[in-house]
Amino acid sequence: MCHCAVYVCSSSVRQERGRGDVRHCSHVIREVGSAAHSLRSQKKQKMAQFEEVSQKSKLHPKPEGLTLQYGTAGFRTHAKHLDHIMFRMGLLATLRSKKTKSTIGVMVTASHNPEEDNGVKLIDPMGEMVTVVWEGYATQLANAEQDSLLKELKDIIEKEDIDMSEPASVYIGKDTRPSSASLSQAVLDGVSSLGGKTHDYGLVTTPQLHYMVCCCNTHGSYGSPTTEGYYQKLSQAFLQLTQNVPNRTDDQKRLLVDGANGIGALKMREMEPFLRSELQVVLSNDGSSGKLNHMCGADYVKVQQKAPQGMNMGVGERCCSFDGDADRIVYYYTDSKGCFHLLDGDKIATLISTYLKELLTQAGLNLQIAVVQTAYANGSSTRYLEDVMKVAVCCTKTGVKHLHHAAQEYDIGVYFEANGHGTVLFSKAAQKQIQELVKDSNTNDEKKHAVKLLESTVNLINQTVGDAISDMLVIEAVLAIRGMSVQDWDAIYTDLPNRQLKVTVSDRRVIDTTDAERKAVTPEGLQDTIDSLVKKYKNARSFVRPSGTEDVVRVYAEADTHESADSLAHEVSLAVYRLAGGVGDKPKPLH
Ligand code: NG1
Ligand code: ZN
């Protein structure tokens with residue numbers, strides 16, 4: 001209001017002067033006077049706002065000396081250290097909202113971390129992660145000691161030239177951790193102390209909150225910003241994709257889902273009626289008794305390469321696991337010999353990109369499709385995609401924001417981390433071409449069928465971020481349409497045996513990397529040692545990097561046999577321990 005009044009006044013002052021009409025002088029003075037008054041009251045309001053921030057921040061004090069970094073996926077640590085971070089992220093989200101004149105999201109979750117941890121991620125207007133510069137502000141604000149919080153806040157306002165009289169709107173969501181309720185209250189306090197409006201969605205998956213933010217800022221064109229709107233959009237697309245698949249048996253419709261004892265389980269239950277038995281979900285680890293992410297969930301299954309506890313799997317049955325905030329998914333089954341088969345993010349990317357490429361050919365659409373991976377992608381997947389599928393493959397640093405940005409460069413960018421976090425991005429131009437072809441009355445039946453499938457697939461995919469529920473429905477639809485079993489899918493290529501280990505060092509920042517994290521630049525001698533160890537094995541590859549979410553160095557190795565992959569991973573762990581300041585016990589051999 002205030003802002004508008006000043007604007008109108010000053011423009012009318014300009015007009016009056018332009019005409020040189022002296023009769024209006026007193027009016028001009030009155031206007032200028034009221035503009036000055038308005039500025040004064042704005043200033044007063046601003047000071048009152050800062051006073052409120054100062055008062056309220058005392059209720060969310062920062063433990064002196066504690067410093068945290070906005071890492072790969074926001075702030076993440078033991079929940080007891082996070083109250084002040086949440087309040088401050090409420091402040092920052094409000095500033096970001098004023099700056100972008102859009103709704104911003106704040107999700108309280110620590111994803112796949114243990115239940116005692118928690119964390120927070122900010123969501124930008126189109127549902128993407130916040131920019132690197134604002135990640136820097138997040139760290140700056142998070143680490144300001146209590147008495148310099150206002151100074152840091154004002155510094156950001158100044159640097160970004162934020163108009164504090166702009167309204168602000170922040171959407172908030174949380175996962176099922178016991179600490180999430182009070183931590184999300186701290187976010188709400190932060191937003192309200194700067195006069196921002198909030199919408200608290202309560203318990204939602206991370207990708208659901210990304211979806212809500214995108215719906216709001218696109219004024220409903222992406223969908224309706226409610227959980228019901230989300231279920232309706234996705235289920236309609238899924239039903240459209242599967243409606244013409246002949247003779248789907250109950251076995252084919254049945255899927256065992258491990259909900260990681262988290263939010264994904266609750267939301268899957270809510271969604272079930274919308275799917276009208278076209279997908280029959282058998283849910284385990286639904287949160288009714290077990291602990292979040294404990295011996296279950298996508299991260300456990302991927303890293304341990306075994307089935308979660310609490311799941312009653314029959315031989316050959318198709319199963320999947322979500323992670324704690326349902327933005328990751330992996331599939332698996334056990335064969336008749338009791339052997340466990342994992343279908344991770346690389347297999348998902350291969351299945352989806354192959355399907356999309358086929359549809360593009362059938363529809364006669366000339367759109368460029370690429371797959372974006374990280375260094376953790378299994379070497380076999382990269383080889384298959386490049387040599388057999390002939391799709392462009394691009395490798396980025398770990399962390400979905402890097403993959404997301406790289407995927408935006410293509411007409412269709414399929415991106416997945418090996419751990420099962422990923423989605424597909426369709427450029428505006430690609431979506432337009434698909435929509436136009438759907439409406440084109442001159443297309444033949446085969447083309448029409450293919451392009452309609454493409455259209456429904458676009459609607460089924462959550463393009464804002466990796467989404468376990470949406471990815472699961474895409475995979476189920478693709479398997480149904482192509483008449484594939486999980487075994488057929490698994491047989492597309494064979495993974496190279498691989499192993500991931502962690503090494504604790506006194507300061508993981510001593511490791512610096514290059515070439516999409518595939519080479520260590522520091523400490524000196526580490527990369528040479530890794531290179532010479534790799535040479536001892538067949539089809540081998542190994543790299544190390546500091547984790548962005550845990551205080552460890554991650555070691556990855558792959559080779560022609562399980563024994564070789566394990567042994568190489570162990571030898572590289574020893575090198576890290578020796579050259580990068582290992583602490584505690586020396587890494588022990590796996591066998
Ligand atoms: P860090 O801790 O930086 O390795 C892990 C995953 C990432 C990403 C983030 C966020 C691996 C090896 N790393 O990051 O891919 O998903 O967590 O959840 O899986
Ligand atoms: Zn997650």
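Including glycine, each Cβ sits where the backbone N, Cα and C put it.
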Matching residue for the Mg(2+) site, where TrEMBL names Asp323, Asp325, Asp327 - out of Ser102, Ser111, Ser542, Ser547: Ser111
Spatial neighbours, same chain, of Asp323 (Mg(2+) binding site) - Cβ under 8 Å, 6+ residues apart: Ser111, His112, Ala260, Gly262, Gly264, Asn293, Gly297, Ala298, Asp299, Ile329, Gly420, Ala468
Highest-contact recorded stretch vs the domain 'Alpha-D-phosphohexomutase alpha/beta/alpha' (98-129), from 166-213, 229-330, 344-482, CB pairs under 8 Å: 166-213
Cβ-based isolation winner (fewest other Cβ atoms within 10 Å) among the binding-site residues Pro546, Gly548: Gly548
Residue among the recorded positions Ser111, Asn419 whose Cβ has the most other Cβ atoms within 10 Å: Ser111
Closest of Asn419, Pro546, Gly548, Arg554 to Asp325 (Mg(2+) binding site), Cα positions, binding-site residues only: Asn419
Inter-residue Cα distance where the pair is Asp327 (Mg(2+) binding site) and Asn419 (substrate binding site), in Å: 10
Recorded positions whose CB lies under 6 angstroms from ligand 1, from Ser111, Glu417, Asn419, Pro546: Ser111, Glu417, Asn419
Fewest other Cβ within 10 angstroms of its own Cβ, chosen from the binding-site residues Asp325, Asp327, Glu417: Glu417
